[in-house]
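What follows is a set of notes on a single structure, which appears directly below.
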Amino acid sequence: MKIVTYNVNGLRQRISQFGSLRNLLNSFDADIICFQETKLSRQDVTADLVMVDGYESFFSCTRTSQKGRTGYSGVITFCRVRSAFSSTEAVLPLAAEEGFTGLMCNSQTSEDKFPLFIEDLEGFSKDELFSVDSEGRCVVTDHGHFVLFNIYGPRAGSDDTERIQFKQMFYRILQKRLESLLHQGRRIFVVGDLNIAPFAIDRCDAGPDFDNNEFRRWFKSMLIENGGHFSDVFRAKYPDKSDAFTCWSQSTGAEVFNYGSRIDHILCAGSCLHKLDDLQCHSFIRCHVKECEIMVQYKRFKSESTPSTHKWKGGKSVKLEGSDHAPVILTLMEIPEVSLHSTPSLSARYVPMIHGVQQTLVSLLMKRRVSDSCKMAHGDISVVSTSERIEEPIDIIGSSTRECDSLPNKDSEGSILEPNKLSTASSLEAVSKSGSVYKKSKIQKCNESKKKTSNSQSSQLSLRSFFQKSTNLDNGIKDSCIGFSNNQAEPSQPNSQSLENSTLFDHSSSPVQDEVNAACDQDLTELNDSSRKEEKSNVASQEWQRIQKLMQNSIPLCKGHKEPCIARVVKKQGANFGRRFYVCARAEGPASNPEANCGYFKWATSKSKNK
């Protein structure tokens, strides 16, 4: 059995990176895959993000509406199974739970009574307990032989008192839950991003006061070597391995020099699975853990991808793509099967908002009847022929829609005329068959309606395209206008019937001609406006290039490498919030490496207006 823990730093981004959720999961070739920091809100969760054939998933999303916390954290556990029903696989959980306080699955519990497994938490209010689970930081799955905690530990800055208190409460309650299960004789795995680097060897820049951090002290107190119950599996396998990091700073390109920390862990507690009288020489790690490795192939930076290893995205040399964490994989052996069971109800397959609500046969047939009725209604309208519309008297045409339909867009057979074949002669012939005279106001209303329609349908051709005959837009429009006028003044070989009917019209003042002339004038005006806008755009582009050149000349050079710095902005709330500064453009690394960031810093100062 293989278990993977991975802070994906946004599940959508990782799915996009690998092409699909299936590709992402299959790339690990693991049985249980635990993701943290999915950044999914419950209302945004869809089937393509949490469901795939061959896997059962159990997720938790943030439920808080606190500013900056919505869609922020989130965890999900995928279990690769052969069957989701009637299975004896230990990979498929026997039970699952969202959070670890018990309130998420016991929401009906009264205020004065807590679930049995957190009866020792009377010191915490119900609101405090709910706040711990409301950020979507834990999913617990019971696999029979062991209980698996998928944890995304909170992060707290050194000066953020509120988050420090939250982090303290989070780990105190977690410890209570773990101890409760250990007292029941259960084996436990705790995997995930705990946001704690326990030892100095696990941190690139561990200072002299490194061990004074209260959360590191808590972590160490949980370990067997300090009287606790848990083993840090990676350190148990590789006690002296240095530069074994799982997380790197996104803003400084620290992956280039592997300048990071190990904050993604796999902890285990409990006895081995062997049923022997003498278990003194037995332990779970010695008997069942084959290997535990950091999957460095998932790191964003690949040293072989570029010959220049001292620059990163800030230096415009290396673009880092992917999560800022690396997965950790644990390989177990001799894990037997469990009793026959099926998928727990917490599985994503049973969540209505993801899988949808099953429709009844009656509702499906009703929707089909409504759809068929709509199609018949549209069909009745489209069946009306042009000849029937032409024979209607003028005063019946009331709406702008019917006015547009009344224009000769179809021949007597009902086929649609192509735009480039539309001419004044055909228009006159169609109108003459009706025995009525269209007024100029009617045509103008129709054109206004068609203009409105063209705004909503990008595929519809503009008026200019009907008369454009040249690759040169300006000359083309003029030629189109002249050609159209000549076609009206000298129709080609009209028959006696059409010539007789055409005497009803005065070609010199035809409403169609007036409309075309107005359109030509409008197009010429648009051309002049377009040329003026292009000229202004060129001036603006030249000015922006001049400003960029001045800015480039004002960028300082770092003292360590004599290279142009990069500008940044202070994003932390405080007196300097929003203030710009310059730093060395190279990736962050150890001070002993001359190719790494030299540590240069300078505030950006603006020149005075008087100078």
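Just so you know, glycine gets a Cβ as well, placed from its N, Cα and C.
Caution: TrEMBL annotation is automatic and unverified by curators.
The structure displayed is predicted, hence computed values, not measured ones.
Sequence annotations record features per position, and here TrEMBL assigns active site to Tyr152.
Taken from TrEMBL, the feature active site, proton acceptor covers His325. Under 8 Å, Cβ to Cβ, and six or more positions away along its own chain, His325 (active site, proton acceptor) finds Tyr6, Asn7, Val8, Asn9, Asp193, Thr246, Cys247, Asp264.
Sequence annotations record features per position, and here TrEMBL assigns Mg(2+) binding site to Asn7, Glu37, Asp193, Asn195, Asp324, His325. Contacts of Asn195 (Mg(2+) binding site) defined by a Cβ separation under 8 A and a same-chain sequence distance of 6+ are given as Gly153, Pro154, Arg155, Lys167, Ile263, in order along the sequence.
The compositional bias 'Basic and acidic residues' annotation in TrEMBL covers 402-413.
Residues annotated as region 'Disordered' in TrEMBL: 400-421 (among others).
Taken from TrEMBL, the feature region 'Disordered' covers 482-509 (among others).
Per TrEMBL, the feature site 'Transition state stabilizer' maps to Asn195.
A 10 Å cutoff on Cβ-Cβ distances gives Asp264 (site 'Important for catalytic activity') a total of 23 other Cβ atoms nearby, all chains included. The annotation site 'Important for catalytic activity' is assigned in TrEMBL to Asp264.
On a Cα basis, Tyr152 (active site) lies 7 Å away from Glu37 (Mg(2+) binding site). Taking the Cα atom of each, Asp324 (Mg(2+) binding site) and Tyr152 (active site) are about 15 angstrom apart.
In sequence order, Asn7, Gln36, Glu37, Ser73, Gly74, Val75, Gly136, Arg137, Cys138, Gly192, Asp193 are the residues near Tyr152 (active site), counting only same-chain partners six or more apart with C-beta under 8 A. Excluding the listed site residues Asn7, Glu37, Asp193, Asn195, Asp324, His325, the same chain places Asn9, Gln36, Tyr152, Thr246, Cys247, Ile263, Asp264, Ser323 with Cβ atoms within 8 Å of the centre of the Mg(2+) site Cβ atoms. The Cβ of Asp193 (Mg(2+) binding site) has 29 neighbouring Cβ atoms from other residues within 10 Å, across all protein chains displayed.
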